[in-house]
């Protein structure tokens, strides 16, 4: 870092910054009085709190965010998430509406709640602005929390809150409304009459969610948004502001003028933002002693989860896989411990129709890249990309025409899914019925785990009975590599005793 | 993002029938990558990533395995490539700005090495470098916050993409399951109709729904088309807004394993209704007529799978089984005819109508390569480069006259060079105007000589209408840019004195 001498401070700034004086000056900002329950967190807190409060508040909020993230990783529906989160929020981070206290916003309890909400948000901002990944996750979790609270909010209060934001929305006049009435009805699901709503015209960029789902009428760059879709706009606004602010915070972070009281707390906080995504650590999918080579993949593929198994079957059928399929499969193979050399050999042998030259010029580099053998410094240091988790596979773009990657439970039509399952030896009517049900409810994990439990029911019973595996060893699978490892170990286990 | 770093092969495989014209192209060896569904570029351009090992200095070009050899390519760049207009298009003005200077170019050299993060401050330097490197093609990436050539002197993450045209990519390979005339790299007028439909639908939506006005459509050289939306508002869209547009335009969902790919809720969104209106005729003409898609039993089965009523399907299956060669038009008519006879008591006419609408969309609605549109950093082949497989120039397509565009009559580089020679032979010129062979004389192939205006080489060829269209497109774009700059008053970057005389 280049430190500038005091007298070389940019003359424009010199007048306002004298940090030594500023540090002990009384804050000149307006004291926050929290008239509304919701908060866009535009103004940072300025009052003093104790170190214990600092840590405790942050930890409480972190618990909530981690739970919210976990819910989204497990693909819970909004209703399930709400049921899960509500008691936790009540316990760790209550935030009551004005109507819940006789004196309204002036009530001390409400004030304290809102202060805690406000301060804890900003503390976590400090803790999570350091890396891009943390920023992204923090913004996502905070947005979900905000959305949740916004939906729970009392409608009158919500209106007052929105009015206080001064957003740039242009109401649609009656004449124009009648002119496009039919289009408005057609583009707004569940709406019968145009007059049931007040309409606003905004730049379409403000409502990307609605545009992406095609649930808003667009004309020449303007989106015609019904009043009830305010949520979408507010959320977009919230996310945009938070992302911008986090970016600024991250730049200011190296200059955080601080003794050594806060930094350890902040570091500790950011390290404990555990999630399903980070559960997988390098090498976790390796199975010691398993003979994993290019030639053994065919045999091992019986232990693969359906997503990888279908990729393997497609590869064997077509002697080819498209890019994202290759990537998903390569990373998985890397995760089960296939070495780079063996992996290249595997793909070389699998692409029967390609010459060596074609293979080397078109495919080899990508495989090496996935292993971190080539590419930028960051890629090499990180040894390539981690194997995809279920979350990643489920959340990524849907496979397009002719593509085969993704999760069969999610991306196949139910009939094709059942066909595939039967092709892999899952015939049990009860299981298939369960899978249909799970998929209908969008519980893809559960469906996959159901199949796993069925196909290993004997082994699972055995390890449970003799107590060699505890319940945590049999927790829900959320990573394809965990699936493989567990499946492989279970089968070994039941064969091993004879050898041992 | 873990993806490949190879250049985007979005364009197509060697087209065998082109070899007749360009003299035995053996490009299958180089470009028969069927991966045109890939978007390596969306990935590759991760700013932190380094380009694959590529020689900084061009090796002496190995003879390209095609009729389009290095000499032909060089002659094309020297005499025909509209560098000046390409510069103006990307620079959004005459005076060089950051819009051009910080723009990434990626060159594919004749030896297949791939050079990323090239950038040029002026049109002149751009032309010089292209002539020096003589790439077989090059791609255009985003404008970065700093000069892409300086990326190694910057700490990680400091070079950020700031703007790029919103782009779309349509490729006929995505239509393989519904076109009966050709497969893979081949195209004919019959299947080009799918691209024409796609252009109409997307172009209309971009204009009417999103309010974009400056949309440049470009033939990809073999079997597809690209759109470059050049409005300032589109260029500055962040990735999530690009994703929103891609999602808005995407109606076919699901890969090869999902049965029914169009599942729209009723009432239909105005965009879908309008598209359906545009596509109805194309469906009748192309799908039912020219392609006769449902002729084969297998395709007819697929059609039945998309219809809602079992009893009706049984009746249809019986009828079609009796006359195996029944054309698609009749089969399509049979659906309504049999439905009217009331054979099926379970049939709901509304469900049937909806299903038929879905089918029309499934068989005609544009199949976009959505990944291309979603990322600002995605590279896309520049207009006017030569497709190495076909030798055809990637010419702009006037969307207002999309119906008239015939990909098979797009000039190849060999034709064009022959046309210049033919013209020069017919119009012998004085010694003063003889081309200097090293290319300097044709500097910027747009040099107007005051007084007797010398004809530029492209004007002697069938490339002229395409360049003229490109010019008029740029003129429209620049007009808006100037108006926009006046509005912003003085925010335009301070112009540096330009050594180039325009």
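All residue numbers here begin at 1 and follow the chain in the order shown.
Glycine too: its Cβ is placed from the backbone N, Cα and C atoms.
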Among A:71, A:448, TrEMBL assigns to the [4Fe-4S] cluster site of A:307, A:390, A:407 just A:448
Have a look around residue A:407 ([4Fe-4S] cluster binding site) and count the other CB atoms within 10 A of its CB, chains all included. 26
Quick check: which same-chain residues outside A:307, A:390, A:407, A:448 lie with their CB within 8 A of the centre of the [4Fe-4S] cluster site CB atoms? A:305, A:306, A:393, A:394, A:408, A:409, A:410, A:444, A:445, A:480
Under 8 Å by Cβ from residue A:448 ([4Fe-4S] cluster binding site), counting only residues of that chain that are 6 or more apart: A:305, A:306, A:390, A:407, A:409, A:477, A:483
Rounded mean pLDDT for the residues that make up the domain 'DNA primase large subunit C-terminal' (A:301-484): 86
Taking the Cβ of residue A:390 ([4Fe-4S] cluster binding site) as the centre, how many other Cβ atoms fall within a 10 Å radius? 26
